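For ASP13, the entry in TrEMBL reads active site, nucleophile. If you look up TrEMBL, you'll see ASP13, ASP15, ASP176 marked as Mg(2+) binding site.
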Amino acid sequence: MTNFDQIRAIAFDLDGTLVDSVPDLAAATNATLLELELPQASEEQVRGWVGNGAKMLMRRALSFALGNEVDETRLTETMPKFMHHYGLFLEKHSCLYPNVLSTLTALKQAGYRLAVVTNKPYRFTVPLLEAFGLTDLFDHVLGGDSLAQMKPDPLPLNHLLQQWQIKPQQLLMIGDSKNDILAAQSANVAVIGLTYGYNYGEHISLSEPNEVCDDFGQIGQLLLSK
Ligand SMILES: O=C(O)COP(=O)(O)O
Ligand SMILES: [Mg+2]
């Protein structure tokens, strides 16, 4: 088992890790497609499109609905529609995964510094955390548009290392997608992969995280049972 003794700070992914947000992402995607008079997508399809931010989600949705590569102008015109619809849904059908609140609270109480590093646009990230009572747990919140690059680029994690003035071996990333694992590996940061989230239908162990967990509560067991 990986030794996490040096870890002082933890960066959490959001969608598919803390919050099951696909029902609302699917509702907003379909509201957008409906407005464009395009065919609807299933929740299962949308689940496979989440992971690289809102623009990539709409690129994949339009490409499905139109049956071809998406014209950039059309995508640019569609984004405000999606952002409007998602802002209306946001947390309506979303929920926290089991053991998230209790584990985050225990980690915070144990002295770990916590951050959110998501590819979701920042403007949706903050109200979503607020809706689930998580805001006060995190010292830093980085959205997909907070910096010049999003995961799988290591920039958000390198940014945290700088903000917190800690070494890569003191930071741990926790996420459900290969984008989280790749970002951590590129930043030389240890990473735990979760099996219950969204990873394009691929098992997270294929990305070779340091540990794999099926339940968020197991993170507490790995980091608090000393
Ligand atoms: O919004 C997305 O595409 C994914 O967001 P995540 O990075 O929190 O999983
Ligand atoms: Mg995720």
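Just so you know, glycine gets a Cβ as well, placed from its N, Cα and C.
TrEMBL does not curate its annotations; it predicts them automatically.
Because the structure is a prediction, the values reported are computed rather than measured.
The residue listed as 'active site, nucleophile' sits 7 Å from ASP176 (Mg(2+) binding site), counting Cα to Cα. There are 25 other Cβ atoms within 10 Å of the Cβ belonging to ASP15 (Mg(2+) binding site).
Around ASP176 (Mg(2+) binding site), taking its Cβ as the centre, 24 other Cβ atoms fall within 10 Å, counting all chains. Within 10 Å of the C-beta of the residue listed as 'active site, nucleophile' we count 29 further C-beta atoms, all protein chains included. In sequence order, LEU14, GLY16, THR17, LEU18, GLY51, THR118, GLY175, SER177, ASP180, LEU194, GLY197, TYR198 are the same-chain residues whose CB sits within 8 A of the CB centroid of ASP13, ASP15, ASP176, the residues recorded for Mg(2+) being left out.
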